[in-house]
Amino acid sequence: MALPGSLWRQPAGRGLVSHCTHHHIVVFLLTFFSYSLLHASRKTFSNVKVSISRQWTPSCLNTTAPELRPYELWSSNHLFPNAEEATLFLGTLDTVFLFSYAVGLFVSGIVGDRLNLRWVLSFGMCSSALVVFFFGTLTEWLHFYNKWFYCCLWVVNGLLQSTGWPCVVAVMGNWFGKAGRGFVFGLWSACASVGNILGAFLASCVLKYGYEYAFLVTASVQFAGGVIVFFGLLTSPKEVGLPELGADEDGSVEEDANRPLMSNDDADDDDRNYSIQATDTDSQPKAIGFFQACCLPGVVLYSLAYACLKLVNYSFFFWLPFYLSNNFGWKEAEADQLSIWYDVGGIIGGTIQGLISDVLQKRAPVLAISLLFAVGSLFGYSRSPNSKPINAVIMAITGFFIGGPSNMISSAISADLGRQDLVKGSSEALATVTGIVDGTGSIGAAVGQYLVSLIQENLGWMWVFYFFILMTSSTILFISPLIVREMRLLLHERRLRVLAE
């Protein structure tokens, strides 16, 4: 008995290796490091907050100040009367950045599908580098301190940085098909964690000369990266004469190997003649609209799920070092170093879970199992003893089960959603869908930073972890229809395989 086309699977590993060229490797590396550089500039701002707060706040303990200039003149050049107000303003800048970044993601995805992805990505990197230079370096060189100017620059920076993720995911989605996509994107999504490490390293190398030089170095490297992307990035295989994903060149097996996981496998072939993008004679398909992208199966559910999950993931990113210092009394430098284990767990989790989803040809069940374990790991981590080795192990496990699914949704699943059957494999849906998913997630992350501080201040850290458990459970709830559907498909495929034997 012959198997249906939906069950004729090409092994993910063989499909990946057989189609990998040096162009794929170059695209992987360029997109990886372009987003790493964008994340590095964000991490630089986090790493120099203490120095910025000190510079923005006059201190009577500074014995050199009266010798250099009159105290009144020295004090008038600074923004805040004490460190508490300066720290509060720095937190406000974080919130402003996240909200503008979230809004920008919705717009950047639409723009990326209508303009050349290489142009949009390069423009965002170079322009953001200039804004970072103005914010941290030029203002300090000119001794110009103004709260509204800083806020405006950080709003613009959030909008410009939002061009990064939709564009790099769209380019990766153009080059890497379903065969091995979970593994490739799981490994590739470590770019954010690598950017965090790179930003911390660059800032620490020059911070002794002044925080303005930390901004100068990261901005210069990011600008150079944008120039390299402009001249070296290939946005799709057709630019070098390679067949596009989904091209029917090797028969039905190859066609199925490139079919996205979000395709409606239980639909009849006649139903697949329908497409949001009507097929025409033009060689260049048109980009779908924002509301059409929202109506694609799975987009809204995964967007809402990612809003809850990114809230938890970004809360660990922003608050974990503070929690370790505040709750256990560990030194700030030790807490910063220990928090890296959460990123390590996320990198390993995204790669392994992506590989498992490739083997199963389904994403939602893998996410559900991981998130169920995440609930247990959050409960266990909230009761971690005052021991650094034990804390690091539980932290890595928590990162594995939270960071892994977060990386999958923002990369591999977003690519699946943008290349499903209803858009006929058109790349002009990838950036829009990615912007919707990540934009919704960023709104959740922005709201979460305020809620975490509010809960911690009034109820304590234990209730913060209860809040994380609630959000993780909500993530499972939002994707539950997709879990049920994909589990039914797995059982249906298994029955057909049994009958075929």
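Cβ from N, Cα, C; glycine included.
According to TrEMBL, the protein carries these features:
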type	residues	note
TRANSMEM	21-38	transmembrane segment
DOMAIN	27-487	domain 'Major facilitator superfamily (MFS) profile'
TRANSMEM	86-107	transmembrane segment
TRANSMEM	119-136	transmembrane segment
TRANSMEM	148-171	transmembrane segment
TRANSMEM	183-207	transmembrane segment
TRANSMEM	213-234	transmembrane segment
REGION	245-272	region 'Disordered'
COMPBIAS	246-255	compositional bias 'Acidic residues'
TRANSMEM	340-357	transmembrane segment
TRANSMEM	364-381	transmembrane segment
TRANSMEM	393-417	transmembrane segment
TRANSMEM	429-451	transmembrane segment
TRANSMEM	463-484	transmembrane segment
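Segment contact is absent for the transmembrane segment (119-136) and the transmembrane segment (393-417), given fewer than three CB pairs below 8 angstroms at sequence separation of 6 or more. In terms of C-beta pairs under 8 Å, the stretch of 183-207, 213-234, 340-357, 393-417, 429-451 lying closest in packing to the transmembrane segment (364-381) is 393-417. For the transmembrane segment (183-207), the residues of the chain that approach it from at least six positions outside its boundaries are 12, 16, 28, 31-33, 35-44, 47-48, 51, 168, 172, 176, 213-214, 216-218, 221, 317, 336, 340, 343-344, 346-347, 350-355, 358, 404, 407-408, 410-412, 415, judged by C-beta separation under 8 angstroms.
Recorded stretches compared: 21-38, 86-107, 148-171, 213-234, 393-417; the one with the most Cβ pairs under 8 Å to the transmembrane segment (429-451) is 86-107. Beyond the transmembrane segment (21-38), the same-chain residues lying 6 or more positions past its ends with a Cβ under 8 Å from any Cβ of the stretch are 121, 124-125, 128, 161, 164-165, 168, 171-172, 175-176, 184, 188, 191-192, 194-195, 198, 218, 221-222, 225-226, 228-229, 232-234, 237, 240, 242.
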